[in-house]
Structures are given as structure tokens and as C-alpha cells.
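Swiss-Prot annotations:
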ACT_SITE  Cys368  active site, nucleophile
ACT_SITE  Glu400  active site, proton acceptor
BINDING   Cys61, Cys67, Cys70, Cys137  [4Fe-4S] cluster binding site
BINDING   Gln253, Tyr279, Thr284, Asp300, Ser301, Asp327, Asp341  S-adenosyl-L-methionine binding site
Amino acid sequence: MRGVVKELNDDGFGVLGNVLVPFSAPGDEVEILKIEKVKKAKIASKWKLIKSSPLRVGARCKVFGRCGGCSLQHLSYDYQLEFKGERIRRLLGVDVEVIPSPRIFGHRNRIDLAVTVEGIGFRERGKWWKIVDIQECPVFGKTSRKAIERLREFIEEERISVWNVKKDEGFLRYMVLREGKFTGEVMVNLVTKEGKLPDPSKYFDFATSIYWSVNRTKSDVSYGEVESVWGREFITEKLDDVIYLIHPNSFFQTNSYQAVNLVKKVSELVEGERVLDMYSGVGTFGIYLAKRGFKVVGFDSNEFAIEMARKNAKINKVDAVFDVATDREVEVNGFDTVIVDPPRVGLHPKLIKKLNREKPEVIVYVSCNPKTFARDIEKLEYKIDEIVALDMFPHTPHLELVAKLIV
């Protein structure tokens, strides 16, 4: 089968007839050599590029096309933004500005590297059992090269057994790297099964903090029961004038440079004085707003996230209040603005009913999933007053939406 790729679907796959062509560009002339059926989709698992699209650029990553991390690195950044804007236009029927990421390489502040008999790196696209060995991750930056080199030395010199994914054997499973892009602080977290970890401190002497996490379950996860091995308990990140503590088991926006624009945009859309910060996490929005004089109350169902939010409030010397509660339990009356930043599944139906009943003046909806955002907007008795998209995830199809909703 031979032809010209017409467009990209929402997942960033090129479309040629009824076949999806990964890592292709609109305007590419391709010859499909092998097709595999994945669920209900036909995927070109092997294809040849006959003539390149003018939208193509050289990928900076040496393993691009195999690694499952980035899927759009072969496209010009201008076109990536155009593609994301068109995706939102198709979904919502409105033109939305897509704010570009201030940096498109070295922007990620976290990567979870599998440590296996095949190598150190990420899973191959569509193959959970295969790991693509890497020397450096360009979207994380130069610290990744140093950390991977030191990890190889640590494994070899200390004779550490590493993960055999297919057999589910081996001691050392993951290395999670986190970096404060505005502070330069680095955290190395080594994730293992039960056993004894040799002292890693001399190998990772560039790190601010070294942790050992033990995964005692059968689940394939890059976290566990944590123990501080060396250095500080937390690293820090700074967004404008706000400091945030980073712990191995706490969530933080993965693109620090664009996160500055995100918190600024949310603060611009807030009205009134009293703000309810739903799904507050570690207080990313709430503390930024409290620093600017808003009276903030935040809730999250994750106890550890709330513990971190309280610590962040304390170090920033703000009076924001954070408590543990589910989205179904929180009372929304008495607030001028309600911020909602739900997980990818979107808002709980009971919360939607509560918002429709109590009618806070303004809702600021932050979404990492445009599809569930569109679904929730249909159910909320509000209209979109302002909406913008932020490219938090360059070289992927994903983006963040921020909308101001009014009655």
C-alpha cells in the first residue's frame, strides 16, 4: 500500500486511508510494508518513507521512532502547535490560542527510567516488555546523561542485579530523576524490590537528594516505601516568587517553565476574594494565589498531597488552608471562584450537580484531558468566558486547557 498521509488523528498518528502510520507527517509519501491490528485499529508496524513532508524536521533524540516517550519530535514545533489547536477546534468548535512552551528540550523535570537487562531507558512504543536503551533524554536535559552514566557504574561496580521484565526478576527496577529547573537541585530515586541496596552516594555525588524506594507489591510501578539515603529530605522548585517542596512521592507539573505560565493564567482568571482550590495537590495554584492576597481553602483526597501543601504554605508564609476530602464531600458555597483541576477522568457527577446547584460566580477549569473537559462542559450550567491551551508537553499530542466559566 502506497500513498500520501493526509492528516494526524488526535493521538498523533498519520492517517492513510483506514491505516494509522506512527511517526509520520501530513504530506509524507509512504509505502506501508506491514500492518498489525491493535484492538480495532490498523497500525502500520513497518513502513518506508518515499518523499518527506515539508513539515518534517530532524529529531534531536537518537532513539526517536522506537522510544514510546515522544511521538511528534519529527514535526516542526510551529506545526505541533497548529495540530494541537486544530485538535481543540474539532472537539470544542472554537478557536483556542495555544501558548507555546518556553523551552521544547530540557523542559521535563521528571523522568522514570526502567533499569533492565536490555538497558536503561523507556519502553518501546506498543511493547511493554521491550526497553529502549538510552544515553540521554533530550526532553529532560544534560543531567540525564550524567545520571545514567553513574547508574551504569553503580550497577557494574556493586554487581547489582537488574530487572528482567519478561521473567519479572531482578532487584533494581527504576531510577526516577527529578530536577528543579529554576533551582538546579536534583533528586535521584532508586526503586527496587526487597533486598539490600549498596551505598549509592559516591556515584550520585551531584545530587541534592538520594532516595531508595522499595516496591513490595507485584505491581510494575516506579515508587514504593521511601527511605532517604543521602542529602536533603526535599528538593525545591520555584515558580515566580513561590517555592515548592518536591518529594519522591509527590506530584508536580512536569514542565516547570510552562508551569509558570499556567499559574499566572489561573491567577488572571480568578475573581473575588475567596477561592476554593479543588484537587489542590501540593498547593500549586492555591499557594500562588494566597501569595497574591486571595483567601484560599484547598482540598484533595490524597493525604500526602495535603501534607505537602501545608508544608508549602508554611515555607511561603501564607495562610492558605488545606484539608483532606473527596470531590464529592466538599461544600462549594461561600466561594467567589472555584478552581477545579481533576485527573484525566474529569469531574465526578456529584460535584457537577453541586456546582450547578450552588452556582459559584466563577469556575476556573484546568484540564489535562480535552475529551473529558468537553464532556463536563456539556453538563455544567455554565458558559465559557475565556479559554486558552498551554503546551505543557512538547513533542506529544497532549496539552493543558484552562477555561474561565461563568453562569
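Backbone N, Cα and C define each Cβ position, glycine as well.
Annotated features taken from Swiss-Prot, shown on the structure.
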{"residue": "Cys61", "record": "[4Fe-4S] cluster binding site", "DSSP (3 states)": "coil"}
{"residue": "Cys67", "record": "[4Fe-4S] cluster binding site", "DSSP (3 states)": "strand"}
{"residue": "Cys137", "record": "[4Fe-4S] cluster binding site", "DSSP (3 states)": "strand"}
{"residue": "Gln253", "record": "S-adenosyl-L-methionine binding site", "DSSP (3 states)": "coil"}
{"residue": "Thr284", "record": "S-adenosyl-L-methionine binding site", "DSSP (3 states)": "helix"}
{"residue": "Ser301", "record": "S-adenosyl-L-methionine binding site", "DSSP (3 states)": "coil"}
{"residue": "Asp341", "record": "S-adenosyl-L-methionine binding site", "DSSP (3 states)": "coil"}
{"residue": "Cys368", "record": "active site, nucleophile", "DSSP (3 states)": "coil"}
{"residue": "Glu400", "record": "active site, proton acceptor", "DSSP (3 states)": "strand"}
Span of Gln253, Tyr279, Thr284, Asp300, Ser301, Asp327, Asp341 around S-adenosyl-L-methionine - largest C-alpha separation, Å: 20
Cα proximity to Asp341 (S-adenosyl-L-methionine binding site), best match among recorded positions Cys67, Cys70, Cys137, Cys368, Glu400: Cys368
Of the recorded positions listed as Cys61, Cys67, Cys70, Glu400, the one whose CA lies nearest the CA of Asp300 (S-adenosyl-L-methionine binding site): Glu400
Inter-residue Cα distance where the pair is Asp327 (S-adenosyl-L-methionine binding site) and Cys70 ([4Fe-4S] cluster binding site), in Å: 33
Binding-site residues (Gln253, Thr284, Ser301), the one with most neighbouring Cβ atoms at 10 Å: Thr284
Surrounding CB atoms that lie within 10 Å of the CB of Glu400 (active site, proton acceptor), all protein chains: 25
Same-chain residues at least 6 apart in sequence whose Cβ lies under 8 Å from Asp327 (S-adenosyl-L-methionine binding site): Met278, Tyr279, Phe299, Ser301, Pro342, Leu347, His348, Lys350, Leu351
Residue pair the residue listed as 'active site, nucleophile', Glu400 (active site, proton acceptor) - Cα distance, angstrom, rounded: 5
Length of the line joining the Cα atoms of Glu400 (active site, proton acceptor) and Cys67 ([4Fe-4S] cluster binding site), in Å: 23
Cβ neighbours of Asp341 (S-adenosyl-L-methionine binding site) where a neighbour is any other Cβ within 10 Å: 21
[4Fe-4S] cluster site shell beyond Cys61, Cys67, Cys70, Cys137, criterion: Cβ within 8 Å of Cβ centroid: Val63, Phe64, Gly69, Gln73, Phe122, Ile134, Pro138, Val139, His395
Neighbour-count leader, CB within 10 A, binding-site residues: Cys61, Cys137: Cys137
